[in-house]
Amino acid sequence: TKCYITPDVKSETCPDGENICYTKSWCDVFCTSRGKRIDLGCAATCPKVKPGVDIKCCSTDNCNPFTPWKRH
């Protein structure tokens, strides 16, 4: 499986056994000015997350794209 990986947001081949792509997002102290923090990567299973953290998992190549928001 190929997934987008942060910090470079490049498509990379996942290690053997890691066939799930994920997009994890959450707010930090800069959320109001910068938006949510985003973490992209590969996993063997969909990661469990703490309350307040959003996770989306998928299992096809490059199914976790992220387009950075534009500053005005």
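Every residue gets a Cβ built from N, Cα and C, even glycine.
Per Swiss-Prot, these features apply:
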- Cys3-Cys21: disulfide bond (DISULFID)
- Cys14-Cys42: disulfide bond (DISULFID)
- Cys27-Cys31: disulfide bond (DISULFID)
- Cys46-Cys57: disulfide bond (DISULFID)
- Cys58-Cys63: disulfide bond (DISULFID)
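Closest to Cys31 (disulfide bond) by Cα-Cα distance, out of the disulfide-bonded residues Cys3, Cys14, Cys42, Cys57, is Cys57. It is Cys42 that, of the disulfide-bonded residues Cys27, Cys42, Cys57, Cys63, has its Cβ surrounded by the most other Cβ atoms within 10 Å. Taking Cys63 (disulfide bond) as the reference point, the disulfide-bonded residues whose C-alpha atoms are within 10 Å of its C-alpha, out of Cys3, Cys21, Cys27, Cys42, Cys46, Cys57, are Cys3, Cys21, Cys57. Ranking the disulfide-bonded residues Cys14, Cys27, Cys46, Cys57 by the distance of their Cα atoms from the Cα of Cys21 (disulfide bond) places Cys57 first. Counting only same-chain residues at least 6 apart in sequence, those with a Cβ under 8 Å from the Cβ of Cys14 (disulfide bond) are Thr1, Lys2, Cys3, Cys21, Cys42. Considering only the disulfide-bonded residues Cys3, Cys21, Cys58, the Cβ with the fewest other Cβ atoms within 10 Å is that of Cys58.
In this structure, the C-alpha atom of Cys27 (disulfide bond) lies 19 angstrom from that of Cys57 (disulfide bond). Between the alpha carbons (Cα) of Cys46 (disulfide bond) and Cys58 (disulfide bond) lies a span of roughly 8 Å. Around the Cβ of Cys31 (disulfide bond), a 10 Å sphere holds 11 further Cβ atoms from the protein chains shown. In the three-state DSSP assignment, the secondary structure recorded for Cys31 (disulfide bond) is helix.
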